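Student: Take a look at this one; I'll ask things after.
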Amino acid sequence: MDKTLSREEAKQLMQLLCLDMSCWGNLPLMRRQYLVKCKEYHPDKGGNEESMKLLNSLYLKLQDSVSSVHDLNEEEDNIWQSSQIPTYGTPDWDEWWSQFNTYWEEELRCNESMPSSPKRSAPEEEPSCSQATPPKKKHAFDASLEFPKELLEFVSHAVFSNKCITCFVVHTTREKGEVLYKKLLQKYQCSFISKHAFYNTVLIFFLTPHKHRVSAINNFCKGHCTVSFLFCKGVNNPYGLYSRMCRQPFNLCEENIPGGLKENEFNPEDLFGEPKEPSLSWNQIANFALEFDIDDVYYLLGSYIRFATKPEECEKCSKNDDATHKRVHVQNHENAVLLQESKSQKNACTQAIDRVIAERRYNCVTLTRKKLLTKRFKKLFNEMDKIVVGERKILLYMASIAWYTGLNKKIDELVVRFLKLIVDNKPKHRYWLFKGPINSGKTTLATALLNLCGGKALNINIPSEKLPFELGVALDQYMVVFEDVKGQIGIEKHLPSGNGVNNLDNLRDYLDGCVEVNLEKKHVNKRSQIFPPGIVTMNEYCIPETVAVRFEKTVMFTIKRNLRESLEKTPQLLSQRILHSGIAMLLLLIWYRPVSDFDEEIQSNVVYWKEVLDNYIGLTEFATMQMNVTNGKNILEKWFE
């Protein structure tokens, strides 16, 4: 032990182990105390990191030194065999003795000379009958020092793993191998188990019907191997390992299935465990949300849970009215059943909404505004395939076009000019003002344009300290509408006053679009972006010049009695929200504008819908609708009684 560590290092190690120096050299005691102190000093257990590092370095150095000393002693002991030692007292023995001493360290040699003593006369010398103690015999190979190298390619080398598997191999002594073979077979009801001899040790290979951690198997075996060595490994290649252990230097001792393990006799679940139960696919939910652009957690959850109903029992699927619903229902039925039973329903839907927001953010950054508008029109065309079905629906939408024509004779030119404004998004030329008295059609037209392009309506009649979160709603939106902005009392004394116009005056950077502004939402970091363009609607309030100059165009609205009367007599346009829909505005453009005005990607859709509209209504019928609007009658009086 004196050759292992220096005196100072030995003292440090014993102090860290909290042992007296009298215990120095008691390796089993030091080993037990080392394991205890590892738990005490480990940083994850609240210990001292420096003490842990010092303890590990000293103890590992001690282990390495002890091993090297043992190896040196064995080499020294095995230099000479007993049969090679000559008879003591002969010249051969003197020569052997001189050669033997050359292997000793220099500090053990003595070069002193002793004074000669007078020789005593003696009778005849008798040959000595004594012999030197022969060196120790060379030890046989000890297979317990490490796991067989021949098997390393077939086993897992993970030190700490929570992975559960079904195939293991245990390496221990012959005596414990007999015990563990029976214990493991009884404990885990092994589907296959075999015992193999390896020099003076035993390897036990076994397959379990259920999955277990390697640590669980190891802990069970340790209960029967308190002194004997033990190696427990998970197996990555079961048949390859078994096949190798049936060849030299291994010997098959016994196995519970005659004939052993055959490569083709076992099913994959026998080797790798029971087939994994289907789990909820969050990605499939996210794909559904992306396809239908759903950004509401609870709406997504409610929509997806309904797919848990069997497709053959679904009313929508049985009617065959919506092919898209049937396709989506069949694709998502199994996953919806799993979602229905899941305890993380909201988490899965929240992640799906995050995917939708991320996709929207990516499109806003990478696509041009023209591409974004084209993509929006494509989405509306897909909705039209489901909604605008049958003569009644088409007539209702054509009635809405007739009503908008009564609102403004050049409504199509107005919409096209607005779309150009939104697409170009030029600084200081990004907003229109819709101004007029109550019930003059401002909000109706603004909402239809908002639904046509996609965006959000904002209320800025709130206190200024609440504005940041209201403006944060505009994150990643194509356009916005500042709805019903209130200001100071002007000519119309009956109008209520509010903070809207004053707040607009403080949002010049937002309206101009020259610089990026910071937008924020709750639980989301601020993000800088150009505030989206849009529309401001208000009644007849006074507008300061600093705000008025930021509107590219002001559209004045007036009350038209015939429009109100025709709506009252055609209530379906309001009850079914047809007037406010983006589909009505898109059909208006299809009805009035030539195909060449549309993007090439959607011109085929425009041609199709022009043909559909021509099949159901001609110019004469549409003129009749316009006449009914002008006279304040039911717009569909000729068609619906």
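Just so you know, glycine gets a Cβ as well, placed from its N, Cα and C.
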Student: Tell me which of 6-13, 134-141, 254-261, 406-413 corresponds to the motif 'Nuclear localization signal' entry in Swiss-Prot.
Tutor: 134-141
Student: Among 78-82, 108-112, 338-342, 373-377, indicate the range for which Swiss-Prot gives the feature motif 'LXCXE motif'.
Tutor: 108-112
Student: CB neighbours of HIS325 (Zn(2+) binding site) within 10 A?
Tutor: 18
Student: In sequence order, which residues at least six apart in the same chain have a CB under 8 Å from the CB of CYS314 (Zn(2+) binding site)?
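Tutor: When sequence neighbours closer than 6 are ignored, CYS314 (Zn(2+) binding site) has HIS329 within Cβ distance under 8 Å.
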Student: Starting from the Zn(2+) site formed by CYS314, CYS317, HIS325, HIS329, give every other residue of that chain whose CB sits within 8 Å of the mean position of their CB atoms, in sequence order.
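Tutor: Sorted by sequence, the hits are PHE307, PRO311, LYS316, SER318, ASP322, LYS326, VAL328, VAL330.
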Student: Please state whether DSSP places HIS325 (Zn(2+) binding site) in a helix, a strand or coil.
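Tutor: Looking at the DSSP assignment, HIS325 (Zn(2+) binding site) belongs to a helix.
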Student: Suppose we draw a 10 Å sphere around the Cβ of CYS317 (Zn(2+) binding site). How many other Cβ atoms does it contain, all chains included?
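Tutor: A count of 20.
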